[in-house]
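First comes the structure, then the notes that go with it.
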Amino acid sequence: KVTINYRHGLPVISLLLPTRSERCQFTVKPLVTTVGAFLQDVQREDKGIQRAEVLATDGSKVSNATLMEVLLMNDFELVLNNTAYKVSPPVKDKLSSEHATEMEDIKALVHRLFVALHLEDHQIRKERELLQKLDHLKEELLPLEQMKSRITENADAKTSRLLWVGLALMSTQGGALAWLTWWVYSWDIMEPVTYFITYGSAMAFYAYFVLTKQDYIYPDAKDRQFLHYFYRKSQSQHFNVERYNKLKEDVAEAEASLRRLRQPLHLRLPIQEINAKD
């Protein structure tokens, strides 16, 4: 009662509608039509069908998401209401290798034509979305940038003052030792004092290493002190550093995507490779 024939390269399923007692043909597109869509078409033709499903030869139900191309590769059962119809699809003639190659070439050509016709519209739409996203991100980032600039200036000023204070203390210490050596005491008395001062400085540098796990290098120490002042000021000013960094990353990602979109030669390249070339 259920037959399948190929007409113009497409399978035509012919079956007898159970409640209407009429024979109906359904032409399906194997690469597009799913089992669920086919069953819905059958139920639309015969409103009296309450149950419609497809079973494999072992009795298991075939998913509605399965493509008809896959279903037609093997025998199956079509269940309409309480009646099961065994279906044996005919063996479709295999395409020759030359014909198959031609079909693949045609598919590739159609794909290239589709891209050529629709790529520009997609680019314009995507570019508009990215520009709107960039405007929104920059608008949200602007007050944070202004606050960060003020905090950075404050932290940099404090760090500079600390460096000048350290220079002043070292100069005072050197002058005091020279005054005590030549005008108050002799070198024999001051030599142990300078030794212990030097040893104490070495202990201080070692303590710095123990606490920070870094050597006492002046640029690194300056940066560390700057960050200390920066984060302390950020907390007092309620500046969200994590939110600021996240916005900066989003802006950089959106700008990279925009550069990639505006360069057709880079459309198929990942953003990381474009950044490396830039």
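Residue positions begin at 1 at the first shown residue.
Using the three backbone atoms N, Cα and C, a Cβ is placed for every residue, glycine included.
Whatever TrEMBL says is automated annotation, not expert-curated.
Per TrEMBL, domain 'Calcium uniporter protein C-terminal' is recorded for 45-247. For the domain 'Calcium uniporter protein C-terminal' (45-247), the model's average pLDDT works out to 80.
Marked as transmembrane segment by TrEMBL: 162-181 (among others). Long-range contacts of the transmembrane segment (162-181) within the same chain: residues 187, 190, 193-194, 197, 222, 225, each at least 6 residues beyond the stretch ends and with a Cβ under 8 Å from a Cβ of the stretch.
The transmembrane segment annotation in TrEMBL covers 193-211 (among others). Outside the transmembrane segment (193-211) by six or more residues, the chain places 173, 177, 180, 221 with a CB less than 8 A from a CB of the stretch.
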